[in-house]
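Report on the structure given below.
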Amino acid sequence: MLPLYVVNNHGQFNHLILRTLRDMDIEATMISNETPPAEVARGCRGIVLGGGPTLERAGVASAYLDLGLPVLGICLGLHIMATARGGAIRRGASGGFGAVEVEIFEQNPLLRGYPDRMQVWASHADEVSVVPEGFVRLAGSSICGVEAMASPDEHLYGIQWHPEVSHTVNGRLLFENFDGICSE
């Protein structure tokens, strides 16, 4: 079975994403966000766009959304997804660093098994302000209106929080669900 690719967007938790997947016995490989899309398309069964400081340092990661593979965008990965598909991001009113209670508005294969409210770990200053056409807002919080969104037809999923951090309650379930999506 092909691995999942974790795209390194220069974020502080990207190696923790890789470590979490490997600890779960999910084959995964870290790649640069400058890896040519054709190479990515041949080598994996799904993509995790990791976090990072700015869209300007996201390399060619937005091109990976057009490969027909399932994609999970985490933090900056969510912002890459939103802007590449016609949405918008802005500086958050308060930003988020620490524990946040997220409310799930709509269930989805990525969020299968989670309760309607859950504790997650946030580490961001920007947020999605306009959800792209074809996407559904799945979750929000008191500090961030779009905590999760998805384009079910394209198998594109984005979350603002960090499931790889131990402070996110049951964060591994999200990776388990994404692995299942990539195995369908």
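Using N, Cα and C of the backbone, Cβ positions are placed for all residues, glycine too.
Taken straight from Swiss-Prot:
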DOMAIN    3-184  domain 'Glutamine amidotransferase type-1'
ACT_SITE  Cys75  active site, nucleophile
ACT_SITE  His162  active site
ACT_SITE  Glu164  active site
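In the three-state DSSP scheme, Cys75 (active site, nucleophile) falls into the coil class.
When pLDDT values are averaged over the domain 'Glutamine amidotransferase type-1' (3-184), the model yields 93. If you draw a 10 Å sphere around the CB of Glu164 (active site), it holds 25 other CB atoms from the protein chains shown. For His162 (active site) paired with Cys75 (active site, nucleophile), the C-alpha to C-alpha distance reads 7 Å.
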